[in-house]
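Q: Got a structure for you, written out below as structure tokens; questions coming shortly.
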């Protein structure tokens, strides 16, 4: 699908489908829209009245029109109340239009949308992101794709002439989101530690990034006992991925994104039982997928910031070689961990990844992981939990979340709760009591970052959508890519 920019006035545009956005408290047609309605023989007013269109956010109405009008179809989309209007309103409205257009077999859609904050650059980028993400469909594993012949071919943004750079930026970011979606959606017999490393190598080759893949023996030399303990039972070799983007000039900042990379999680010897959702555990590498997606986008955008993309990738499987409940592992910073639950493995892999990253001399680290069900219980499916002792870093991520529309909520790091992780025979256990489980998980990770400002994002909820949700789903969302890109660019 192509995104095009048009300098044609609304009154002069002609084509297949015209989409017009209206606010909930301003559905009465005035000015240019009143003139357009007159040109269209009153069809807009008639559509609003007959369909009882109120302009509620993301609501749509559709009609086909007669041959003597210069468009064949009309879509009205609601923007909600003006006081609630934000940049993500445009993304979601564009997504709603794209879905209606696809359903109605529109080939070309002209979008007439207002500006957010009088900013044509941010507005056009958001609209382009929304419609592309909504129209993406993953047919890789279908022998007979179910959307043949119903693709929108072109979307024209009316009144946004000159915003080519913004559209290019949107395309770059969307390419990263789609990569993350594809990695998360693919089954564990398709995406493995080996193929994840190959994907990272392809990104490095395509966009000129530096790459280092640490093999098992390399990780052994670095003392990564926590990561390798998880990897013991898998027949597939673990891969420790380190991609680096370096700008041509001296970087303003040096940052790292660290993603949890379990390409399948059986639970280990604490196996996930019936009803546990074990069949969905291909998604447990959602953090690593977002990390690689962000790498792909940032490598194209080329900001003046050095960024390291790191993931310890393996499977958590069952075999005679598997780590046992009660085993003690030694992480690469020397801390010992009593494994009281083999199904709390992600934090073990992240422990060694964070120790490694902390030694790089960076200005900030953000890790993201499908870490705990407790975070989903607390915040639901749409919101990631943010855990950090650093107020400045929290503010940066909250601003990036506001701009990207990928929601986060700062959670407490209550140090007292670390008491629940104390072990009688090791430095700590890998899980604590059930209450505050997402907090104790974050406190566990905190033990492996010594010198660098650090934040943890628990993305267990928003990494996957069970049903359609704006420009996401159903399926893998690619959550985290846009948030992380905005964070890096804000630097």
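Heads up, the Cβ atoms here are built off N, Cα and C, so glycines get one too.
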Q: Check Swiss-Prot for me: it has 260, 265, 345 binding Mn(2+) 2, so pick out which one of 284, 327, 363 it puts in that same site.
A: 284
Q: Distance between residue 284 (Mn(2+) 2 binding site) and residue 343 (Mn(2+) 1 binding site) at the Cα atoms, whole Å?
A: 12
Q: Residue 347 (active site): which of the recorded positions 260, 265, 272 is the nearest Cα neighbour?
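A: Nearest by Cα distance to residue 347 (active site): 260.
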Q: Enumerate the residues of the same chain, 260, 265, 284, 345 excluded, that satisfy the criterion Cβ within 8 A of the mean position of the Cβ atoms of the recorded Mn(2+) 2 site; list them in sequence order.
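A: Other same-chain residues near the Mn(2+) 2 site: 230, 261, 262, 281, 285, 316, 346, 349, 369, 370.
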Q: Which residue, of the recorded positions 260, 272, has its CB surrounded by the fewest other CB atoms within 10 A?
A: 272
Q: Using DSSP with the three-state reduction, classify residue 265 (Mn(2+) 2 binding site) as helix, strand or coil.
A: strand
Q: What does DSSP say about residue 284 (Mn(2+) 2 binding site): helix, strand or coil?
A: helix
Q: What does the structure give for the C-alpha distance between residue 345 (Mn(2+) 2 binding site) and residue 272 (active site)? Integer Å is fine.
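A: Residue 272 (active site) has its Cα 12 Å from the Cα of residue 345 (Mn(2+) 2 binding site).
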Q: Within 8 Å of the Cβ centre of 265, 343, 345, which other residues of the chain have their Cβ, at the recorded Mn(2+) 1 site?
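A: Other same-chain residues with Cβ inside the cutoff are 230, 262, 266, 267, 268, 270, 272, 281, 284, 316, 342, 344, 346.
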